[in-house]
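Engineer: According to Swiss-Prot, the active site, proton donor/acceptor annotation covers Tyr135, on the basis of sequence analysis. Taken from Swiss-Prot, the feature active site, schiff-base intermediate with substrate applies to Lys163. Under the heading pyruvate binding site, Swiss-Prot lists Thr47, Ile206, citing sequence analysis as support. Taken from Swiss-Prot, the feature site 'Part of a proton relay during catalysis' applies to Thr46, Tyr109, supported by sequence analysis.
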Amino acid sequence: MTHMFEGVGVALATPFTNNEVDFDALERHVQFLLDNNIQAIIVNGTTAESPTLTDEEKEKVLATVVKLVNHNVPVIAGTGTNNTYKSIQASIRAKEIGADAVMLITPYYNKTNQRGLIQHFETIANEVKLPVILYNVPSRTNMTIEPETVEILSHNPYIVALKDATNDFEYFDEVKQRINANEFALYSGNDDNVVKFYQRGGNGVISVIANVIPQEFQYLYDNRQNETDITNYFKPIEKLLEALSLDVNPIPIKVLTAYLGYGHYEVRLPLVPLEEAQCKQVERAFEQFKAGEQ
């Protein structure tokens with residue numbers, strides 16, 4: 001079995017202009033990513049500000065991306081919620097629109113136990129019959145998919161991958177020991193750990209920063225066998241990532257998507273923009289990176 005993708009998937013930011021989704025900017029941004037050879041596009045996830053998108057907006061964003069991508073790379077829709085049956089409905093609709101897979105976050109707020117997680121994910125997968133990427137991000141959900149749970153879920157034919165945003169390599173190593181690496185992919189959900197993630201056998205990344213430096217991030221994957229090369233190549237990227245850590249994602253990355261002309265610098269409440277001085281700091285870090293300064 002081949003994996004859903006190998007290399008860089010981009011967690012797509014949603015451009016806004018006057019608090020409305022800017023579909024012209026969205027199309028230009030997606031074309032930029034395709035022109036730079038990214039391997040997958042993930043829509044309606046955390047970086048997309050999905051909690052503040054309406055169902056209609058999510059569907060229209062997905063339809064726009066699916067049409068533009070035209071089967072050249074997988075389009076993966078974030079459809080997971082803390083309500084199993086709403087997740088099923090959203091996933092079925094994504095399938096109808098043309099998504100190649102869905103990404104399901106662990107239930108948040110109401111949470112559950114590991115037995116509940118298994119039933120939650122398998123109920124969705126078996127009903128929707130579309131490839132599923134599990135999304136483990138305990139920093140946002142206060143809920144972890146334990147390694148033994150990943151192992152159980154990996155036997156479901158529709159559950160094909162894990163996006164691991166734990167930044168915990170003991171967790172990663174245990175998961176990797178428990179799964180069939182030929183059939184189940186492991187993607188990093190943390191841009192700052194990709195070098196180490198690749199060195200330990202990860203299959204790729206679902207990246208935020210690749211919204212603006214897709215080619216550079218794909219280079220890291222393409223040259224992952226050369227540890228010295230990618231370690232050195234990554235050093236200036238680390239400096240840019242430091243600037244993007246000024247606030248919660250996607251607040252800082254949208255400074256740069258706007259800087260590149262993909263919509264205005266807008267986020268929806270409860271998110272608020274960076275202060276002007278912080279915006280300048282992020283832009284300056286990006287300019288220095290592009291100029292090759294370290």
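Here the Cβ of each residue, glycine as well, is placed from N, Cα and C on the backbone.
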Engineer: Can you tell me the CA-to-CA distance separating Tyr109 (site 'Part of a proton relay during catalysis') and Tyr135 (active site, proton donor/acceptor), as a whole number of Å?
Structural biologist: 16
Engineer: Near the residue listed as 'active site, proton donor/acceptor', which residues of its chain come within a Cβ-Cβ distance under 8 Å, counting only those 6 or more away in sequence?
Structural biologist: Gly45, Gly78, Gly80, Met103, Leu104, Ile105, Thr106, Leu162, Lys163, Ala165, Gly189
Engineer: Just to be sure I understand the packing, how many Cβ atoms besides its own are within 10 Å of the Cβ of Lys163 (active site, schiff-base intermediate with substrate)?
Structural biologist: 26
Engineer: Give me the non-local Cβ neighbours of Thr46 (site 'Part of a proton relay during catalysis'): same chain, 6+ apart in sequence, Cβ-Cβ under 8 Å, ordered along the sequence.
Structural biologist: Ala11, Gly78, Val137, Arg140, Asn249, Pro250
Engineer: Under 8 Å Cβ to Cβ from Ile206 (pyruvate binding site), same chain, six or more residues apart: give me those in sequence order, or none if nothing qualifies.
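Structural biologist: Correct list: Gly9, Val10, Ala11, Ala40, Ile42, Gly45, Met103, Lys163, Tyr187, Ser188, Gly189.
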Engineer: Counting only residues 6+ apart in the same chain, whose Cβ is under 8 Å from the Cβ of Thr47 (pyruvate binding site)?
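Structural biologist: Non-local contacts for Thr47 (pyruvate binding site): Ala11, Leu12, Ala13, Val208, Asn211, Asn249, Pro250, Ile253.
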